[in-house]
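These features come from TrEMBL:
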- 1-19: signal peptide (SIGNAL)
- 59-127: coiled coil (COILED)
- 255-341: domain 'PPIase FKBP-type' (DOMAIN)
Amino acid sequence: MKKYWIGGVVLLLPLTLSAAPNSALSSLENIREQSGAPPALLSLSNKSVAPVGQLPVTAQMLAKENARLRQRQVALKQQLQTLNEMRQARDRLQEQLEQAVKQGDRQSQLEQELLQRQQEIQQLTQTLGKQKKTKQLDNELAKRDYAIGTALGKEVQALLLARESAGIKVAPDTALLGIADAIDGKYRLPQAQISKSLHNVELAINKGSQQQKDRAEQEGKRYRQKFATGKNVKKAAEGYWYQIAYVGKGKLKPDDNVAVSVKESLPDGKVIGDMDLAGTYVTQPLKDFPPLFRSALMKLENHGEITLVAPPELAYGDRGSPPDIPPGATMIYHLRILDMKPAAEGGVG
C-alpha cells in the first residue's frame, strides 16, 4: 500500500497503482461515483498529488511568520517611541525659540527706549549748555529772572527730596525734561497718562507718609515719657515739657531784643540744625518769636538755657518737614540766650 494526497483526502492504494495508472484511474472513478465527491477533489493531476514527505510544514511556517511579525511589532513600537521623543524635543526647541524671539523683541524695545532717552537727555543738555553760553546776566531783569530760577530750582530740589523720603526716588534728568516740556507746552506723554502717573505717586506718598507718621509718633511718645521722668522736668500749660539748665540773670520784657542760639533735633538723636556749630544766631524782639519759643524764653533771664520737648501738634504736625523731619515727629529744642538789650537801646551785637 502507498499513501496519496488527493484534494485534501488521504488514500491508501496498492503498490500496483503506480505501475498501472490506468487501472488506478478506473478505481478512483469508481470511488468518486460511490462517494459523490466533486471531480476536482479526486483529480490526479501532477499539481494536486504529492507525497506527504514533500508537502510544506504549515505550522512551522506560521510560527516563523508570527515571530517575524512580533519582531516587526517591537521594532515599530521602538520607532514610534523614538518618533514621539523627537517630536517632544522639537516642541521644546520651538518653545525656546519663541521665548528667545519674544526676549529679543523686548530687548530691542528697551534698547530703543534707552536710545531715545539718551537722545532726549543729550538734546536737553545741549540746550542748557547753549543757554549757559549765550545768556548773559548783564542787566537787572536778567539777574531777577535768574534769581527766580534759582528759587524754583530749590523748590524742585526740596520736592524731589520729599518724594525720596516717602520712598519715591525721582531721576533728576527725567524730571528736568518734564519741567522743560511744561514750560514749552509740548508734552511727550498724553495728559491722561500724566494724570494717572501723578495719581499713583500721590497714593504712594500718602502710604509712605502714614508709615513714617506711625513710626515717628511711637518714637516720640516713648521719648516724651522718658524725658518727663527726668530731674526738674516740668510740663508747660501749652503742652510741652521743659528742663531749665540755667535760669540766667536779668529779666526779659516782650519788647527786648534777644539774641538766641537754637539747636533742633529728633528723638533718635538726629540733629536738624545747630546754630552754635554754624556760628549763627537769631536776633529779634522777644514778642516776635514763635509762640513755642516765646513761651520757653519767657521762663529764662539773660544768658539762660532751656531744653524743651514739643509734641507734634506744637512743632511740625502731621505734615512734618521733608526730607529731614517726618510727619508726626516730636521735636527737641535747646535754646540759649546769648544776650539781650532793652528795646530803647536797639539791636544786639
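Each residue, glycine too, has its Cβ placed from N, Cα and C.
All TrEMBL annotations are machine predictions without curation.
For the domain 'PPIase FKBP-type' (255-341), the predicted model reports an average pLDDT of 96.
The helix, strand and coil residue counts that DSSP assigns across the domain 'PPIase FKBP-type' (255-341) are 17 helix, 36 strand, 34 coil.
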